[in-house]
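According to TrEMBL, the features are:
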ACT_SITE  S93  active site, phosphoserine intermediate
BINDING   G20, M21, S22, G23, A24, G25, K26, S27  ATP binding site
DOMAIN    12-162  domain 'APS kinase'
Amino acid sequence: MSQDASEATGPRGFIVWFTGMSGAGKSTLSRAIRDRLQSTRSVEVLDGDEIRTFLSRGLGFTRPDREENIRRIGYVARILARHRVAVISAAISPYRDSRNEVRRLAAEEGIPFIEVYARASLEVLVQRDVKGLYKKALAGEIPHFTGISDPYESPESPEVTVRTDSETVEAGVERVLATLRARGLIA
Ligand SMILES: Nc1ncnc2c1ncn2[C@@H]1O[C@H](COP(=O)(O)OS(=O)(=O)O)[C@@H](OP(=O)(O)O)[C@H]1O
Ligand SMILES: Nc1ncnc2c1ncn2[C@@H]1O[C@H](COP(=O)(O)OP(=O)(O)O)[C@@H](O)[C@H]1O
């Protein structure tokens with residue numbers, strides 16, 4: 001049986017939900033935010049790569065598979081947030097409907113949900129090519145590659161947009177933290 005979260009004490013949980021294309025900076029910003037918060041509270045990063053190894057193994061990159069991946073991450077995020085963890089999700093989550101569904105389910109439980117759009121131009125992403133995937137995708141070697149051979153639906157009204165092609169990591173982190181502070185979620 002699960003513990004009644006209302007019996008626990010400490011700051012309330014919330015979900016910071018990153019979205020953005022591969023190489024946009026979701027992992028970098030998530031880890032930096034975790035580093036800033038972890039001395040004062042419980043915090044967990046749900047990183048795309050790790051999730052796909054342990055929770056969503058076997059899922060690919062078709063729309064139904066990505067939707068299932070996001071549904072699972074959202075489920076775990078809500079469980080953690082219920083127990084007062086600051087949850088940071090760093091999956092691409094390219095579909096607006098999937099993100100909005102996670103937001104809706106969080107809202108049903110009164111869990112604050114902060115959508116953060118990690119945004120950079122395709123030109124910069126291709127220049128960065130952190131994992132060498134853009135080169136392959138542009139050569140037609142990766143079907144369903146987000147932004148090249150698969151859609152990316154940018155958020156319509158994210159709580160925060162971080163332009164990682166023109167802002168420093170530190171500035172992006174500060175803006176996310178400022179939003180959390182303004183909502184009374186962190187000190
Ligand atoms: N076809 C295709 N499209 C996009 N990304 C691909 C693809 N194939 C492999 N990868 C690698 O998988 C990481 C994205 O997985 P996610 O779980 O975040 O994707 S999703 O949210 O389910 O859409 C993504 O990681 P990040 O670069 O950290 O975003 C890629 O490294
Ligand atoms: N302002 C910034 N914010 C985040 N990442 C940045 C920024 N400027 C440059 N980068 C670099 O861009 C890359 C982003 O990679 P990563 O965080 O793995 O992206 P993602 O998780 O979205 O795939 C890293 O090499 C990071 O150092």
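Placed from the backbone N, Cα and C atoms, the Cβ positions cover glycine too.
Whatever TrEMBL says is automated annotation, not expert-curated.
In this structure, the C-alpha atom of G25 (ATP binding site) lies 14 angstrom from that of the residue listed as 'active site, phosphoserine intermediate'.
Less than 6 Å separates the Cβ from ligand 1 in the case of S22, S93, drawn from the recorded positions G20, S22, A24, G25, S93 in sequence order. If you measure from the Cα atom of S27 (ATP binding site) to that of S93 (active site, phosphoserine intermediate), you get 13 Å. Taking a C-beta cut-off of under 8 angstroms and a sequence separation of 6 or more, S22 (ATP binding site) has the following same-chain neighbours: I92, L125, V130, K131, L133, Y134, F145, T146, G147. The local packing around S27 (ATP binding site), expressed as other Cβ atoms within 10 Å of its Cβ over all shown chains, amounts to 20.
Its Cβ placed at the centre, G20 (ATP binding site) has 29 other Cβ atoms within 10 Å. The residue listed as 'active site, phosphoserine intermediate' has its Cα within 10 Å of the Cα of these binding-site residues: G20, M21, taken from G20, M21, G23, A24.
Annotation: G25 carries the greatest number of neighbouring Cβ atoms among the binding-site residues G23, G25 [cut-off 10 Å, Cβ to Cβ]. Ranked by how many other Cβ atoms sit within 10 Å of their Cβ, the binding-site residues M21, A24 place M21 at the bottom. Summary of the ATP site environment: with the site residues G20, M21, S22, G23, A24, G25, K26, S27 set aside, the chain residues having Cβ atoms within 8 Å of the Cβ mean position are F18, I92, A118, A120, L125, T164.
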